[in-house]
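Structure first, commentary second.
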Amino acid sequence: MGSGAAIPQWTSEPCIMGIDEAGRGPVLGPMVYGCLYCARSYEKTLSSLNFADSKTLKEEKREELFENLKADESIGWAVDIIDPRELSAKMLKKNKINLNEISHDSAIGLITKVLNMGVLLTEVYVDTVGDAEKYRTKLSERFPAVKFVVAKKADSLYPVVSGASIVAKVTRDRALQDWVLEETAEDLHKNFGSGYPGDPNTKAWLQHHKHLVFGFPTLVRFSWGTCTPYFKDIAEVLWESNETDADGSSSANGKRQLKLSNFGVTKSKRKIEEIESSGKGRCKFFMARKLEQVTQF
């Protein structure tokens, strides 16, 4: 039973849920959080369905098990697909949101979604992200009526989390397989390997697809430190900003020049330089014609 199906009668019984993710480490593609839930009375049957940690299964077996659980009317499931652009934007914004917080928010979102559907969740099993006890406390404070078990390798210990692991992994694999590159360069291709930083095919793909002005295609998580070495010779990009400085001050006419020097890579130690609008760094075309940006007409 997918998230869009009518809610079955068994959801009014006490239910258990498992939550796991796929794609936390890769530099390419989305991170996917998946959940699987069922009536507590179905737990013994669930244990006989041969679910296991998705990382220990071959692709064909994962696909088979995913189709089986989709067809099982005694099981519900849902996913949260977090786009690489969203990951990078959150991790690079002024008030940064780290990957653990993003993961926690995704898990909380899945629990909230299932509860709002009317499912009587009484126990939730989660593969830990960060300190297990702190994570359990955070979840318990948010959902006091639910018992939480947060553990390392939960996908190997609890069949309901193993099932969630399969849901997340197959969903991510299919998302990558069906990914349509938005960029229009003629030599783009999708032979990027596993997407993990250590994969030689992934490294070759990143090297081939880098652009010294525009960075990487949107498939890439710009916030990953893996991206840093590919931009040793990046172009200096300048743009005009009307925003005030971080301390609340501004230049005489409220404009300043900013330089993008590191493509948003978090591990770069270079600070973004701020050049007041004395003309330094501005395009000669605009300077020669004494052109200024107009915001009010």
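Keep in mind that glycine also has a Cβ here, set from the backbone N, Cα and C atoms.
What TrEMBL records for 14-236 is domain 'RNase H type-2'.
Marked as divalent metal cation binding site by TrEMBL: D20, E21, D127. Here E21 (divalent metal cation binding site) comes close to M31, V32, Y33, G34, S103, S106, D127, V129, A168: these same-chain residues lie at least six apart in sequence, with C-beta atoms under 8 angstroms from its C-beta.
Neighbouring residues of the recorded divalent metal cation site, listed in sequence order and excluding D20, E21, D127, comprise I19, A22, Y33, G34, V126, V129, A154, D155, V161, A164, S165, A168 (Cβ within 8 Å of the Cβ centroid). In this view, D127 (divalent metal cation binding site) is surrounded by 27 other Cβ atoms within 10 Å of its Cβ, with every protein chain counted.
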